[in-house]
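Participant: Quick paste of what TrEMBL says about this protein:
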DOMAIN    29-143  domain 'CAAX prenyl protease 2/Lysostaphin resistance protein A-like'
TRANSMEM  41-58  transmembrane segment
TRANSMEM  85-102  transmembrane segment
TRANSMEM  108-126  transmembrane segment
TRANSMEM  133-152  transmembrane segment
TRANSMEM  167-193  transmembrane segment
Amino acid sequence: MVSGVIISVQEFFGISVEKIEAPNQLVQFFQLLLAPLIEEIGFRVILIGLPLFALYSYKSSLRLFVKSLWRPSHHLRITDLKKPLLIIIIVGIFFGVSHVITGETWSAGKFAQATVSGLIIGWVYFRYGLAPAILIHWAANYFIYSYAYIVADINKIPVETAFTHSLLYMLELMLIATGIISIVILVLNYIFLKKRTLEA
């Protein structure tokens, strides 16, 4: 949802997001499988998990170390969220920058999208652990590329052209609408629970 909004706003201002081209489709799907594993271990475990362990570990134990890297908020005694949020924000920005400066063919337009994704996945890693972070990253990659391949195959067009097809834009709009509805439901639920707590 957020990704679609960012791309739409950037394209409105003339900033495009170029896709990475792979030698063939099999290599591209392999890269889509490998990227979430490598990036989540590198950006989340090493750049978020290790600093959080250094700041909040309460004993020297290999078991606590491994568990805290697997799910930081559950296994570390974190009482103040300021430092974890600062780490997540810094790593999220670095995640966005890395998608532009790595020498891959991503354009500068990928920065905002990757930064927001890095912030969201960073929070998911901190709150729920490594496995959900990898799954969200993997699902986002595969969802987008799977529909692009379907559109390309049905219309007999190159995959690169499929990313600009109206079906993908419609799917993004549906995801944006669903995301907005979900956020409204979460906010209303929060307000309702807060109101109920105050009345009790």
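The backbone N, Cα and C atoms fix where each Cβ goes, and this holds for glycine too.
Predicted automatically and left uncurated, TrEMBL annotations should be read as such.
Would you situate these features in the structure and describe their surroundings?
Facilitator: Computed over the domain 'CAAX prenyl protease 2/Lysostaphin resistance protein A-like' (29-143), the whole-number mean pLDDT of the model equals 90.
Counting same-chain residues at least six beyond the ends of the transmembrane segment (41-58), those with a Cβ under 8 angstroms from any Cβ of the stretch are 64-65, 68-69, 72, 76-78, 83-84, 87-88, 91, 94-95, 98, 118, 121-122, 125-126, 130, 133.
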Participant: Could you check if the transmembrane segment (133-152) is in contact with the transmembrane segment (85-102), meaning 3+ Cβ pairs under 8 Å among residue pairs at least 6 apart in sequence?
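Facilitator: These two stretches do not touch.
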